[in-house]
Amino acid sequence: MQLQVTNSPFTEEQIALLNRLLPTLTPAQKLWLSGYLAAAEAAVAVLDAEAPALFAGSSKPVSKEVTVLYGSQTGNAQKLAEKAGKALKERGFEAKVLSMLDFKPNELKKVETLLVVVSTHGEGDPPDNAVSFYEFLHSKRAPKLNHLRFSVLALGDTSYEQFCQTGKDFDKRLEELGGTRFYPRVDCDVDYEEAAAKWLDGVLGELSKEANANAGAAPLLSAVAAAPKAEPVAVYSRKNPFPAEVLENINLNGRGSNKETRHLELSLEGSGLKYEPGDALGIFPKNDPELVDLVIQEMKWNPEETVTIDKDGEVRSLKEALTSHFEITVLTKALLQKLAPLSKNSALQELVAPGNEAKLKEYAKGRDLLDALRDFGPWDAAPQQIISILRKMPPRLYSIASSLAAYPDEVHLTIGAVRYESHGRLRKGVCSTFCAERIQIGDTLPVFVQPNPNFKLPKDPDTPIIMIGPGTGVAPFRAFMQEREATGANGKSWLFFGDQHFMTDFLYQTEWLAWLKSGVLTRMDVAFSRDTERKVYVQHRMQERSKELFGWLEEGAVVYVCGDKQHMARDVHQTLIEIIEKEGGMSREQAEAYVTEMQKQKRYQRDVY
Amino acid sequence: MAKVELKAPEGPPSDVERIKRESRYLRGTLAETMEDPLSAGIPDDDNRLMKFHGSYLQDDRDVRTERQKQKLEPAYQFMIRVRTPGGVATPEQWLVMDELARKYANGTLKLTTRQAFQLHGVLKWNVKKTMQAINGALMTTLAACGDVNRNVMCNPNPYQSEVHAEVYEWAKLISDHLLPRTRAYYEIWLDDEKVAGTPQVDGEEEPIYGPTYLPRKFKIGIAVPPSNDVDVFSQDIGLIAIVEDGKLAGFNVAIGGGMGMTHGDKTTYPQLAKVIGFCKPDQVVEVAEKIMTIQRDYGNRSSRKHARFKYTVDRLGLETVKEELERRLGWKLGEARPYHFEHTGDRYGWVEGVNGTWHFTLFVEGGRVKDYDDYKLMTGLREIAKVHTGDFRLTANQNLIIANVTSEKKPEIEALIAEYGLTDGRRYTALRRNALACVALPTCGLAMAEAERYLPKLLDKIEEMIDENGLRDDEITIRMTGCPNGCARHVLAEIAFVGKAVGKYNMYLGAAFNGTRLGKLYRENIGEEEILRELRVLLSRYAKERLDGEHFGDFVIRVGIVKEVTDGTNFHD
Ligand SMILES: Cc1cc2nc3c(=O)[nH]c(=O)nc-3n(C[C@H](O)[C@H](O)[C@H](O)COP(=O)(O)OP(=O)(O)OC[C@H]3O[C@@H](n4cnc5c(N)ncnc54)[C@H](O)[C@@H]3O)c2cc1C
Ligand SMILES: NC(=O)c1ccc[n+]([C@@H]2O[C@H](COP(=O)([O-])OP(=O)(O)OC[C@H]3O[C@@H](n4cnc5c(N)ncnc54)[C@H](OP(=O)(O)O)[C@@H]3O)[C@@H](O)[C@H]2O)c1
Ligand code: HEM
Ligand SMILES: Cc1cc2nc3c(=O)[nH]c(=O)nc-3n(C[C@H](O)[C@H](O)[C@H](O)COP(=O)(O)O)c2cc1C
Ligand code: SF4
């Protein structure tokens with residue numbers, strides 16, 4: 001074929017030159033030339049890409065990946081989303097069709113092209129499976145979406161006042177977050193078929209147009225995008241805790257539970273803090289203001305009086321000092337001894353006298369500063385004198401329940417609220433009830449990372465793992481699963497979980513079920529201790545599965561135990577030995593040696609408290 | 001007349017058809033998934049099959065989104081429905097149901113509009129134990145739901161005369177004859193030995209149904225005039241007992257009724273059954289079977305919302321269906337005989353039967369048997385069941401008859417009725433006694449609005465107007481459902497409400513008091529305030545302008561408030 005003005009983009013002059021040159025070229029020369037030209041074009045494309053492209057306009061290449069999210073109550077939107085997915089695939093797009101409930105919101109940052117198909121229910125409310133995603137998008141946590149192109153198909157019914165409200169909300173919000181609407185929203189009435197088909201045609205047309213226009217340039221961009229981002233250096237530590245913003249704080253226990261277990265999500269954005277699954281997070285809590293008031297009232301102090309709180313002479317009001325800087329919920333022998341000179345009460349003098357250690361210990365148990373102040377007046381003490389003998393508020397540690405690989409810049413915790421009655425008064429664990437009762441979304445908590453090198457996933461992603469974590473002990477295993485999912489590890493995994501009641505206390509139930517379905521978690525056994533007449537604990541489930549469990553150990557599985565130290569960890573330890581004894585045909589001593597060997601090989605790791 | 005070709009509608013089979021076909025006669029993976037300790041629910045496919053076993057998975061919708069946030073699965077629980085043909089239960093059976101309700105369910109018993117018992121809130125781990133106890137008391141849940149023939153309804157006062165007793169026996173025979181024959185039920189719930197070499201999908205195990213059962217649920221009811229308490233025209237097959245010279249001569253056969261429809265889809269509509277002829281008592285089981293097989297063969301298996309028998313009848317034509325029936329029977333139906341219905345409600349209080357026994361009809365609001373703070377209904381009935389020598393009858397209006405009380409026992413039962421203040425409803429308005437609501441929220445997965453929990457409160461307010469207009473003793477039927485499926489047969493009520501969204505209802509007027517005419521849409525999507533405003537006007541006009549003995553449903557048509565619905569096919573016009 002001869003080049004002409006009509007069949008090419010060249011001018012007459014250029015064509016003359018080309019037509020002179022081309023017939024003289026050997027095939028090898030032609031090949032070389034086309035490579036040269038392509039490379040030269042590429043250099044231009046890279047330059048273009050580096051220029052700040054605000055959004056996917058005409059010049060930016062379009063990825064072939066399209067995410068279709070649906071929110072549907074009665075299945076209409078789902079059906080349409082699936083149809084859209086099919087049509088996209090037929091046209092060579094990689095379409096992922098997901099319910100909003102199954103979509104991990106943190107993935108949104110990676111999505112470039114998004115189709116939303118959503119109905120409206122209630123009185124203008126999102127369908128059930130869209131609620132959490134809807135709330136996420138409308139919350140402060142919603143990411144910037146400058147890289148996103150989207151289009152919304154809204155289903156509804158014009159006989160309702162709030163016609164297609166949810167679709168409208170998504171449409172508006174995605175734009176607010178920086179997304180580009182590449183095709184206008186379509187609102188459908190109950191007879192949605194036609195309008196929906198039109199929308200799909202429009203969307204497909206738009207996407208195909210751009211895909212064609214940009215074919216060829218796409219692979220180059222990804223190479224540029226991979227350039228590493230500079231990370232801020234960590235300046236925060238236990239000494240200088242980072243004020244982490246609270247993104248989420250929910251009670252994981254359903255109605256009617258005896259328990260309250262808080263799931264906290266904190267932002268580490270800008271802190272430079274890093275952690276690995278298995279590490280813990282420290283929190284500096286505040287005392288219960290009601291308890292502080294009771295202490296101040298008891299002593300008839302002025303809450304605004306200034307006191308010095310450390311050797312450097314930092315000052316605070318008395319109330320602030322008692323609330324944030326000192327421990328007032330624990331009575332120790334040392335504290336009682338230091339209190340004694342400030343009281344004329346002979347009972348106290350007697351209690352701290354040598355020889356009465358047992359009585360003192362008995363008295364201190366389950367009591368706090370307020371009890372002592374009430375029991376041993378009258379006091380001859382200025383506020384500063386009492387402050388000076390109190391302990392600094394200690395931070396509390398919590399096993400981290402998330403993985404940075406799944407939630408960059410976030411850390412999640414699982415905190416069991418401690419409440420109990422002692423000596424006629426309801427007592428509250430300082431940190432756990434601080435988080436449960438007084439921390440709102442948007443507040444900040446002073447935190448630091450406490451690494452734990454002895455509770456780590458095996459280096460080899462194929463190594464099987466057995467995780468035993470009743471109650472809040474399950475926290476680090478959520479981090480493990482997130483990590484293994486995000487890194488695509490193939491090792492088998494087995495979780496033993498237990499708590500009081502199936503209905504209300506199955507912590508993170510839906511997440512485990514999803515991981516079982518996707519195969520990230522291989523198997524799971526549960527022990528709900530108060531649903532049956534006889535108590536069932538995790539170790540009973542281990543016993544029931546002793547043969548398989550020993551088989552896993554022989555395959556080299558790593559065993560992790562997390563949670564209550566006093567009872568659970570001890571009993572689980574015994575059970576492990578018994579299982580090895582029974583299934584391995586060993587003596588008690590041999591079984592114990594087997595466990596010791598596992599410990600040496602770091603195949604038996606514990607995080608108990 | 002052009003011959004209509006007999007065939008089922010075109011279209012790919014619905015997903016439920018696949019589930020049935022692959023289920024190996026209703027087994028699926030139920031035995032395993034019911035044992036899975038990680039979820040209190042079961043997968044969708046198994047839940048479809050579970051219905052055939054008389055139960056299905058629901059969840060407490062009051063806490064659905066809350067639990068979703070808490071990363072807990074929905075608060076799954078099972079509803080279990082017990083078949084009691086004609087609604088008859090012995091005192092022993094009553095005591096078993098009472099105990100199960102308190103031990104495994106939510107502490108209440110629901111008497112349904114199809115004369116069955118329903119337990120709500122049974123946890124998965126307790127379903128099998130509950131099923132075993134029910135069967136231990138010689139009752140079953142098999143085919144209480146699902147695409148099969150359901151509990152056969154029958155006027156519940158059979159001992160009033162010999163005829164009633166006979167009719168009840170026929171109801172039971174039909175019910176038993178049309179039960180599925182699969183052993184799956186016994187294997188899964190009653191630990192029966194698996195039948196060796198269980199046939200696969202070759203139809204051997206289900207001689208009547210075949211491997212895919214019916215396209216949809218199928219309902220049969222028998223009315224004994226003048227009472228149309230079973231709403232005989234709402235049934236797929238309605239049988240009207242014809243009594244001549246004090247003897248049961250046979251049944252008029254009506255076909256193709258059904259209440260359900262879908263909001264906004266005018267191809268769906270409620271329809272009344274139409275009488276096609278008459279058969280003798282000993283022919284009625286065969287007639288029922290053959291009619292059902294026509295639906296089996298020609299019903300719509302592609303679109304479930306068009307799969308009820310009524311659409312088959314309307315599509316093929318009444319005459320064609322009748323001809324096909326007669327072809328299958330090998331004989332012709334007789335000419336329909338005259339009959340006359342007066343009402344659909346129950347008659348409350350004591351009635352003396354013919355054989356010297358007594359029956360007490362108790363008003364049970366919403367069909368819900370439970371202990372209220374100030375009304376120990378459940379305890380009272382338990383105490384009565386302990387001494388009662390007759391039986392209990394569940395009525396189609398969700399009420400209860402303490403039946404067959406001998407003259408000797410009557411004082412004892414009366415004393416218990418008095419002790420627990422059990423009411424025949426006389427202290428309520430006639431409107432409340434004629435009220436019906438479906439379960440709806442929080443347990444029904446399809447509910448768009450409240451019904452059972454809300455109707456009593458709405459009635460409190462309507463009763464004020466009733467009193468203002470002096471209508472306290474005028475019988476008006478009022479019904480409310482949470483969605484248009486029509487579990488409380490709403491379109492047959494003179495005043496009907498169908499949920500559209502929380503707090504919003506469509507309002508229908510103009511159905512016949514005796515259940516022979518459908519209501520018409522009057523107002524759409526209205527809340528309580530508007531409902532009351534509308535009723536204030538309507539009731540006051542009714543009180544002033546009605547003719548002698550004119551029912552409310554007839555009145556609103558005569559004065560032109562709504563148009564008369566003459567057939568389901570013009571319901572939407
Ligand atoms: C490495 C590590 C990881 C941890 N991970 C987690 C975790 O993931 N989730 C979690 O919830 N916790 C975890 N903990 C425990 C957590 O650090 C706190 O100890 C816990 O939350 C209680 O702190 P608090 O401030 O609420 O209670 P405090 O005010 O410290 O009170 C707790 C004290 O109250 C007393 N007490 C408690 N119950 C009773 C009772 N019934 N009768 C009498 N006295 C009682 C005990 O003396 C107890 O030490 C972990 C601990 C460690 C060391
Ligand atoms: N009141 C408190 O202050 C309080 C209470 C509990 C725990 N804690 C502390 O909080 C942490 C975790 O508590 P949590 O509430 O998440 O879980 P948890 O108390 O450890 O309870 C989780 C499950 O473990 C069961 N369990 C009890 N004893 C066990 C044993 N010996 N072996 C195996 N399982 C056993 C419990 O059953 P049962 O409960 O039915 O026995 C429950 O089903 C621990 O450090 C614990 O010491 C404090
Ligand atoms: C609680 C959960 C329930 C669900 C999900 C449910 C579901 C349905 C559905 C889908 C229909 C429509 C069937 C159709 O038209 O093809 C229907 C109809 C019906 N239901 Fe239920 N039901 C429930 C409870 C009940 C109860 C408690 C009763 C009795 C008290 C009942 C009695 C009926 C009746 C009588 C109809 C028939 C209406 C007709 O003839 O079409 N249902 N139900
Ligand atoms: C209980 C209920 C409430 C509804 N509320 C609204 C509403 O407020 N606004 C609206 O536009 N549509 C409303 N609809 C209509 C639905 O959005 C419409 O039926 C849609 O097609 C359902 O799609 P889905 O099956 O994907 O959920 C409502 C529907 C139901 C059942
Ligand atoms: S009518 Fe609708 S809301 Fe009521 S019980 Fe039936 S299906 Fe549920």
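Cβ atoms here come from the backbone N, Cα and C positions, even for glycine.
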Among B:1-20, B:61-80, B:321-340, B:341-360, where does TrEMBL put the label region 'Disordered'?
B:1-20
Counting only residues 6+ away in sequence within the same chain, which have a CB under 8 Å from the CB of B:Cys483 ([4Fe-4S] cluster binding site)?
B:His263, B:Ala440, B:Cys444, B:Leu446, B:Ala447, B:Met448, B:Ala449, B:Val498, B:Gly499
Any residues 6+ beyond the ends of the region 'Disordered' (B:1-20) with a Cβ under 8 Å from its own?
26, 28, 45, 48-49, 147, 211-213, 215, 297-304, 306-307, 315-317, 319-320, 324
From B:Cys444, B:Cys483, B:Cys487, which binding-site residues have a C-beta atom under 6 Å away from some atom of ligand 3?
B:Cys444, B:Cys487
Restricting to the domain 'Nitrite/Sulfite reductase ferredoxin-like' (B:74-135), report the mean pLDDT as a whole number.
95
Can you break down the domain 'Nitrite/Sulfite reductase ferredoxin-like' (B:356-419) into helix, strand and coil residue counts using DSSP?
24 helix, 21 strand, 19 coil
B:Cys487 ([4Fe-4S] cluster binding site) CB neighbourhood, other CB atoms within 10 A:
23
Quick one: among the binding-site residues B:Cys438, B:Cys444, which has the most Cβ atoms sitting within 10 Å of its own Cβ?
B:Cys438
Give me the sequence-ordered set of same-chain residues, not including B:Cys438, B:Cys444, B:Cys483, B:Cys487, with a C-beta within 8 angstroms of the centroid of the [4Fe-4S] cluster site's C-beta atoms.
B:Val439, B:Ala440, B:Leu446, B:Ala447, B:Ala451, B:Thr481, B:Gly482, B:Asn485, B:Gly486, B:Ala488
